[in-house]
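Here is the structure we will look at, set down as structure tokens.
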Amino acid sequence: MELDYPIDPESLPPLRNPDILVGENDLTALSYLHEPAVLHNLRIRFAESKLIYTYSGIILVAMNPYKQLPIYGDAIIHAYSGQNVGDMDPHIFAVAEEAYKQMARNNKNQSIIVSGESGAGKTVSARYAMRYFATVSKSSSNAHVEDKVLASNPITEAVGNAKTTRNDNSSRFGKYTEISFDERNQIIGANMRTYLLEKSRVVFQSENERNYHIFYQLCASAQQSEFKHLKLGSAEEFHYTRMGGSTVIEGVNDRADMIETQKTFRLLGFKEDFQMDVFKILAAILHLGNVQITAVGNERSTVSEGDSHLKVFCELLGLEGDKVAQWLCNRKIITASETVVKPMTRPQAANARDALAKKIYAHLFDFIVERINQALQFSGKQHTFIGVLDIYGFETFDVNSFEQFCINYANEKLQQQFNLHVFKLEQEEYMKEDIPWTLIDFYDNQPVIDLIEAKMGILELLDEECLLPHGTDENWLQKLYNNFVNKNSLFEKPRMSNTSFIIQHFADKVEYKCEGFLEKNRDTVYDMLVEILRASKFHLCASFFQENPAPSSPFSSAITVKSAKPVIKSNNKHFRSTVGSKFRSSLYLLMETLNATTPHYVRCIKPNDEKLPFEFDSRRIVQQLRACGVLETIRISAQSYPSRWTYIEFYSRYGILMTKQELSFSDKQEVCRVVLHRLIQDSNQYQLGKTKIFFRAGQVAYLEKLRLDKLRQGCVVIQKHIRGWLQRKKFLRERGAALVIQRYFRGQQTVRRAVTARTLKEAWAAIVIQKYCRGYLVRNLYQLIRVATITIQAYTRGFLARRRYRKMLEQHKAVILQKYARAWLARRRFQNIRRFVLNIQLTYRVQRLQKKLEDQNKENHGLVEKLTSLAALRAGDVEKIQKLESELDRAAAHRHNYEEKGRRYKASVEEKLATLQKHNSELETQKEQIQLKLQEKTEEMKEKMDDLTKQLFDDVQKEERQRILLEKSFELKTQDYEKQIRSLKEEIKSLKSEKMQLQHQLEEERVTSDGLKGEVARLSQQAKTISEFEKEIELLQTQKIDVEKHVQSQKREMREQMSEITRQLLESYDIEDVRSRLSVEDLEHLNEDGELWFAYEGLKKATRVLESHFQSQKDCYEKEIEALNFKVAHLSQEINHLQKLFREENDINESIRHEVTRLTSENMMIPDFKQQISELEKQKQDLEIRLTEQNESMKGKLEELSHQLNRYREEEGMQRKTVEAQNEIHTTEKEKLMDTSQEMQETGEHLKKQFETESEVKSSLRHEASHLTVENRDLEEELDMKDRVIKKLQDQVKILTKTIEKANDVHLSSGPREYLGMLEYKREDEAKLIQNLILDLKPRGVVVNMIPGLPAHILFMCVRYADSLNDASMLKSLMNSTINGIKQVVKEHLEDFEMLSFWLSNTCHFLNCLKQYSGEKEFMKHNSPHQNKNCLNNFDLSEYRQILSDVAIRIYHQFIIVMENNIQPIIVPGMLEFESLQGISGLKPTGFRKRSSSIDDTDAYTMTSILQQLSYFYSTMCQNGLDPEIVRQAVKQLFFLIGAVTLNSLFLRKDMCSCRKGMQIRCNISYLEEWLQDKNLQNSLAKETLEPLSQAAWLLQVKKTTDSDAKEIYERCTSLSAVQIIKILNSYTPIDDFEKRVTPSFVRKVQALLNSREDSSHLMLDTKYLFQVTFPFTPSPHALEMIEIPSSFKLGFLNRL
């Protein structure tokens, strides 16, 4: 008989979620969404896993742990920075990061709404959110805006927070903080708005509650000297602070908090005066509360004017005590006709006193908030902002008043905004996936809001009642009853009370007491008290009560700064705004702001009322979840499609439910569609979107059940087969044992039955017969087998020997064939290589020779042009000389006239002529000497020109002989020059004697007549000398023509020689000829002995040796030429200076002679002749002094010139000077003739000009001749160089076609020069050296071909050069420039890893070179003897070594930072998220947060990405020549970062803490260890840095049930701290039902074992930790002498010594 029991589905308990979904990060990921499931999930996370944060869709549920947790450090902030919100465990930092990221990406303002009841942790959560923004958006300025924003919290908490029965630090006001950001998303300022300060707390506190913290902090600091004038005492002494009976909070030091409050005041820029003003007002409020009001009868009251507290109150605020005492007990009533003063009773006076205290404190609070906003203002333009709203949650107490009414009204508005936002997000998600949108029924609280704020609503009726003079709470309540009872279902009247009303809020019903509503809404103070305070002498107090308060700070231009309660504007009661209306308007502004931003919700939950850590009170939590809208959100989600999977996630998770046919489809979306159609019959239970699958509530649990059943079924099948196989194996083993036993047992029985004496004898006889028979048969068989075996062995061995012989023969022949084939191949390859090399060499050398020929032709063409111009000048000079001849003829005619006139003046000038005759005779002797010298010089010039022409045609073999001849010629020239110096000294002596003679001439003026006769005779001789000068000019012209002919002939011969050499060179490089000669004869001869390869290598070596030899010779010649040119230029300058001095001396002599002739011409006709003679004598004395000084300077300079090496230019200069001196003497003589008469004077001046031009022409001719000789000499040297280079090239071509022996001979004969390991540079080239070698050097592409640290070695070779010169300033300048250059190039490339690696290597090499060659014994142990010779000799650079070491450390730290920045984004995806072992991990259902990730991860990093990045770092470091020890230290640092980042992410990702993820991590660690082994870095200690991560992976995999497991965990996990071990155990999350969750009892066992440890209490590893770096000393193996500078460095100005 079947009984049918009816079942009501609603009476059944709600369905349970699968174990895999228990403890999820997001409540919306649960398959069954209802209150028990939500509570169970929160209990598992909070009470067992110690996780205080949980997502519920877009809400972050924060449970107050009542315990300090290590999850808010900077390491946690950096771990959440840049991460997607769904990737990490729920956290307040994740919500803050999401808001910051959306603001930065979308340029849209954000808001974080933190709500909850008192004691739930709202203030702390808001503080942590602001701290997160301050940390991740650090600005680069020095304004420290972030610190100021955070510093505003302690101040507002001090003046706005108090102890309540529920919370020791309860915020008694609402606060909305706008944090402003600029375009770079950095904090630039902030602004704060406050709402509904609980002013009543100032004058009244319930039992076990306190007033605001600032009062107790002030009382605790009353004994300090700075506060003594406030006349405060302990908190128990004041009425306003002792009402609650609890003046002390356990664990709180009010005095220390006061110090912190003052510190934050100073941080915000508030000076001591401002702080003291605030403290004076606070102290005045405390004293006002202690003012004693005495009742006088029943209708009156009084205050004694001698009240000490009243006096202090008036003194602090600058008030008149009698007026305050009067109006505290009286009030003024103004009517239309009169003004009446009405006394107040004692309770009324006490209420007036308390109202005044509340009003003063409210103004002070608003003032402090306004000043904080001013301190946080900014000058720039706000780009975006993030608002943090810290506001009270829904409140319901036993007695609810006006404050609770306003709070719940605000929460109704916030809940409405929240509902609209949730539905907006849901609608966007559905529209994005093309899912049909169905309207979901949800609770709409608009009727409640209308009941409160609509027209004729509760607030409007309250304001209306407040306007009535005799309005009371009872009248207002009666109006409410009349308007809403039985008319509005949301308003009720209590059955047992006529003084309260009930409102049905969205969270619960709340009963409000009407008592005090009107008074709190009016918030009035009597007018006379306001007038008294307005007249206060204390400026701050007076400003509080001004009729027209000052406008708010200019900060409001950027962000609207509005306090919830602005100051009173007017005393007129009709214009006063009530508290309710102000709160409604401020709430309207807040909602307007929130609606314009993207909100993020944080709901703080108080887990229990006893403040016990991690205690879970389900009843209280459910009540708060309902109040804050979390359960309503879950209910809304449950009505739609709460579970949402991407197609990839569904395919990966439920692939086990798919058939083979379904898995064969290529389109995964189609596979998912088919599977769902088969598994879920009701198509309404799911919807297929574009990228996701939407499931109704319970469908994911159903799929999980099917998956689990499938897995269980598979497990049963596997178990069935394994158990069957084991049983069969056991049965077969037992059956075989039974058969053996049976066999032996039966045999034993048979033997016992059959054994007798006869049978035994017969058996024994049979055995003997069998023995002999078997022996015979076996022997026969053995002999047969033996013979057959021997025969087979013989044939086999023969066959093997023949086969082995044939194989050896074939191998021998193959070797012969290979030899010839390989030889032929080698010959062909060598021919190809040689042909290619010859072609390249020939083309390159022909191009160079052609270029040189073109350059030489251009130079020759220039010389020809110069010679033609000289020829033209010579033609002009001939014409000038002809003109001079004609002028001389005219001078002869004038001479006859002068003779006639001379006879007339014969008597007067006889004495003067005698003296002049003597002087002329001396000049003639000097002239003859000069002519002789000129002839000698011309002969010497001819000889030198002949020598130069001969030297142009000398061969290279006569080079040494030429040097000897040049040395001899230099000696001869030195001797000649000494002779010239002696002749110059004699000339100077003669000039002195001439001066003496001139003095004698002046004394013997009367004897001028005889002199005139001699002068006439001298003029006749002088006419003859003019013809001699003409001959000399013709001789010079002929010499010039000869020189030109010689130059042209030299050029002609040079061109012919160059063309001949070029033709020979081109003929010698005939490709076909070389190919025929080498390929037929030489190569075969070489290949017969296998010498081809050696010959080729030898030729290459010989070529390199010759090239280096040519280069060194070329450098040497260039240096010699430069030195000679420098010396020639210096000598030419000195010669020019001497010429100027000679000209000045000759000018002086001319002036003297001109004056003498002028005096003689006057013929003693002037009376003042004697006076002129005295003046001339003074002039002569001055001239003598000047001449002596000039002679001394000339002597010094001539002695310096005598020590110069080049004598040729000096001889030419002396020739010019002598010729010019001679010409000048002749001009002076002509001037004497001109002075004799006026006619002769004109002709003389003309002749002087002509002779001056003639001297200039002569000097120019001589200058050109000397210039041509110098150019010829340079051409000769260049020709010699070219001849040598051409001959060496010819020799090289011949050598390349010869054998190794000849190449070696050439190598030995022309070996390279020995270098000193120094680089010579000039002081002015230092900047160019630093620029080219450090600043402009690009390591990429150049490093491959360089020795490690080549720039460092070059710098050190320059340092050695400066040290060898013993030049301290030069060395100091080079070292400072080098260090500054390295700092600059590192600063310019702070993010360039290759550049940092390159200069870290070079800095270390430079440091090692300074140590290696410092001369200190400890660094010279491994030096070679030659390296020891290269040590620094003059300076100790230990200080610079220290500076370089510091620079290297700085570069290393930046180098590590760049590597960490590059590899850090790859670590978590590669080490944690990527599945190295495919198919092990399984995806779990995800919640809304995972679905709504703000940024899609497009970069799929794998473990291979990490290894590739490490390989790139390693190869770059090795390529740049970084020391292996430094490489090991860098790798160790990188491995520490990998381990720390991975482990930190594991701590913060509960979904990653599973057994299978431990296997993945262990596999990835093995890949890193293999990489270390491949790079031979096992000794770098990098593996040890991964030990914490390895132990964490082991902890995830190990069994975690028994006591032995706990002990093993304690013993094995030595690198993990106790906090980290407990965190992993609490976070352990099974992926499948086959894994078991860690029980709380096991966690407690492990924790008990770990209590004995004394390790760090920090959860996170410090990823910024840097190991100490050491730079090892590694001596350079490279010899400084062998280092060559690549041309790519552009350091041609450096010379190797």
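Even glycines carry a Cβ here, placed using N, Cα and C.
Feature list (source: TrEMBL):
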{"type": "BINDING", "residues": "Gly116, Glu117, Ser118, Gly119, Ala120, Gly121, Lys122, Thr123", "note": "ATP binding site"}
{"type": "COILED", "residues": "839-1064", "note": "coiled coil"}
{"type": "COILED", "residues": "1114-1141", "note": "coiled coil"}
{"type": "COILED", "residues": "1166-1211", "note": "coiled coil"}
{"type": "COILED", "residues": "1258-1306", "note": "coiled coil"}
{"type": "DOMAIN", "residues": "22-708", "note": "domain 'Myosin motor'"}
{"type": "DOMAIN", "residues": "1376-1652", "note": "domain 'Dilute'"}
{"type": "REGION", "residues": "587-609", "note": "region 'Actin-binding'"}
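Distribution of TrEMBL features across the structure.
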{"residue": "Gly116", "record": "ATP binding site", "Cβ contacts under 8 Å, 6 or more apart": "Ala62, Lys122, Gly393, Arg603, Cys604, Ile605, Lys606, Gln624, Cys628"}
{"residue": "Glu117", "record": "ATP binding site", "Cβ contacts under 8 Å, 6 or more apart": "Arg166, Tyr392, Gly393, Phe394, Glu395, Cys604, Lys606, Gln624, Ala627"}
{"residue": "Ser118", "record": "ATP binding site", "Cβ contacts under 8 Å, 6 or more apart": "Thr164, Arg166, Asn167, Ser170, Ser171, Tyr392, Glu395"}
{"residue": "Gly119", "record": "ATP binding site", "Cβ contacts under 8 Å, 6 or more apart": "Asn64, Thr164, Arg166, Asn167, Ser170, Lys606, Lys611"}
{"residue": "Ala120", "record": "ATP binding site", "Cβ contacts under 8 Å, 6 or more apart": "Ala62, Asn64, Gly393, Cys604, Ile605, Lys606, Gln624"}
{"residue": "Gly121", "record": "ATP binding site", "Cβ contacts under 8 Å, 6 or more apart": "Ala62, Asn64, Cys604, Lys606"}
{"residue": "Thr123", "record": "ATP binding site", "Cβ contacts under 8 Å, 6 or more apart": "Glu157, Asn161, Asn169, Ser171, Asp390"}
Are there residues at least 6 beyond the ends of the region 'Actin-binding' (587-609) whose Cβ is under 8 Å from a Cβ of it, and what are they?
-> 46, 56, 58-66, 92, 95, 98-99, 102, 106, 108-117, 119-122, 125, 129, 166, 176, 193, 195, 387, 389, 393, 409-410, 413-414, 417-418, 421, 560, 562, 615-617, 620-621, 624-625, 628-630
Cβ within 8 Å of the mean position of the Cβ atoms of Gly116, Glu117, Ser118, Gly119, Ala120, Gly121, Lys122, Thr123: remaining residues of the chain near ATP | Asn64, Asn167, Ser170, Ser171, Gly393, Cys604, Lys606
Work out, from DSSP, the number of helix, strand and coil residues along the region 'Actin-binding' (587-609).
-> 9 helix, 8 strand, 6 coil
Can you count the other CB atoms that lie within 10 A of the CB of Lys122 (ATP binding site)?
-> 28
Averaged over the coiled coil (1258-1306), what pLDDT does the prediction give?
-> 53
